[in-house]
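Residues or ranges marked as compositional bias 'Basic residues' by TrEMBL: 42-52. Marked as compositional bias 'Basic and acidic residues' by TrEMBL: 64-73, 288-297. Feature annotation from TrEMBL assigns region 'Disordered' to 39-92, 284-304. Here TrEMBL flags 132-155, 161-178, 190-213, 315-337 as transmembrane segment.
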Amino acid sequence: MSNPIRVECTHCSSTFRVKSAGAIGKTVDCPKCSGKFVIQKPRPKSKPKPKPKPAPELAPDENVFVRDIDENRRARRQRRRTPQVEEEVHEPEEVPLALALPQLRRLKKKTDPSEELEEETGWLSMGMGVPVWIIGGLLGSLVGLGLWAFIGFLIPFPLGWMAVGMGFLVGLGVRFSAGEDDGIGPGITAAVITLFAIILAKLITAMIIASMLTDIVMGPPANVEDLSIQQVADKIVDERMDAGQDIQWPDDQWRLDDVGQDVSSEYPEDIWAEAVERWEEMPPEEQQELRENAEKDLELEEEGHEEFEAEGVGFIFLLSFGLLDFIWIPVAVFTAFQLGANIADN
């Protein structure tokens with residue numbers, strides 16, 4: 001005897017039992033809606049999905065591991081906000097590897113703050129060390145300028161090898177100030193400072209030489225009192241020449257090497273003595289008039305000194321550049337770059 005089966009009407013969706021499974025495929029009338037439909041083979045019932053098992057409770061040692069991981073996370077977040085301080089590191093207890101792997105995978109995705117804060121150094125490193133490099137290069141250039149000016153005072157003609165010494169001192173200053181930072185940054189800083197220091201050194205040397213030549217050629221400016229008496233002495237000279245008297249001028253009147261000479265040395269002693277005597281006997285009004293004339297002459301003399309010296313500075317500065325400078329200056333700049341960039345060490 002076959003088991004009864006449950007069928008469903010395709011018209012009204014009513015279900016009812018059929019006594020035999022042999023009726024499958026036959027057309028029957030629905031007892032409820034009287035509609036005809038074909039009996040289909042019933043579908044097998046699907047097995048219900050098993051309920052998920054609850055997660056096992058962590059053992060005491062597993063709780064310790066999870067708590068330690070949370071503490072490490074909080075400690076890393078705290079180090080991102082505040083400077084790192086030395087503190088006692090808690091070593092977690094040993095736990096089974098199967099329990100540790102999921103937590104370790106999640107921790108591995110996060111980066112270490114110490115790696116993020118690590119500074120990169122290399123050939124293109126500039127950073128905040130540029131002001132320090134400039135200070136070190138300027139200190140080296142000051143030493144080089146002092147030596148250059150001293151040698152230029154002793155030997156008043158251009159010496160190209162001093163440019164290489166300047167590059168060495170500037171590069172050395174940048175190298176000491178850069179410390180462990182090397183590369184193009186310190187090298188370019190040293191090269192630029194060297195180029196400007198060489199130009200400045202040539203200008204300072206030209207100013208020193210021009211000032212010396214001005215004192216030799218034109219002599220130091222006289223004071224107002226001597227220039228006032230000089231006017232009286234010139235008047236005495238004119239009187240004697242008009243009277244046909246011979247004047248014995250000093251032999252070293254026009255010597256250029258007598259830089260420290262005064263106005264009185266340009267006249268015979270008797271004429272200057274008579275001029276001083278007349279000056280002392282002269283009324284104050286006449287003395288004041290001569291002083292004003294002397295002040296005007298002194299201003300013109302000082303302007304002449306300044307013009308002569310300025311023209312001399314420009315001429316000597318241009319003259320200090322020669323064909324050999326096209327060799328010495330590049331060598332000096334490269335020397336400074338090599339020391340500043342620390343190429344030899346790399």
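Any Cβ shown, glycine's included, is placed from N, Cα and C.
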Can you tell me which parts of the same chain pack against the region 'Disordered' (284-304), counting only residues 6+ beyond its ends and a CB-CB cutoff under 8 A?
218, 221-225, 227-228, 230-232
Provide the three-state DSSP residue tally for the region 'Disordered' (284-304): helix first, then strand, then coil.
21 helix, 0 strand, 0 coil
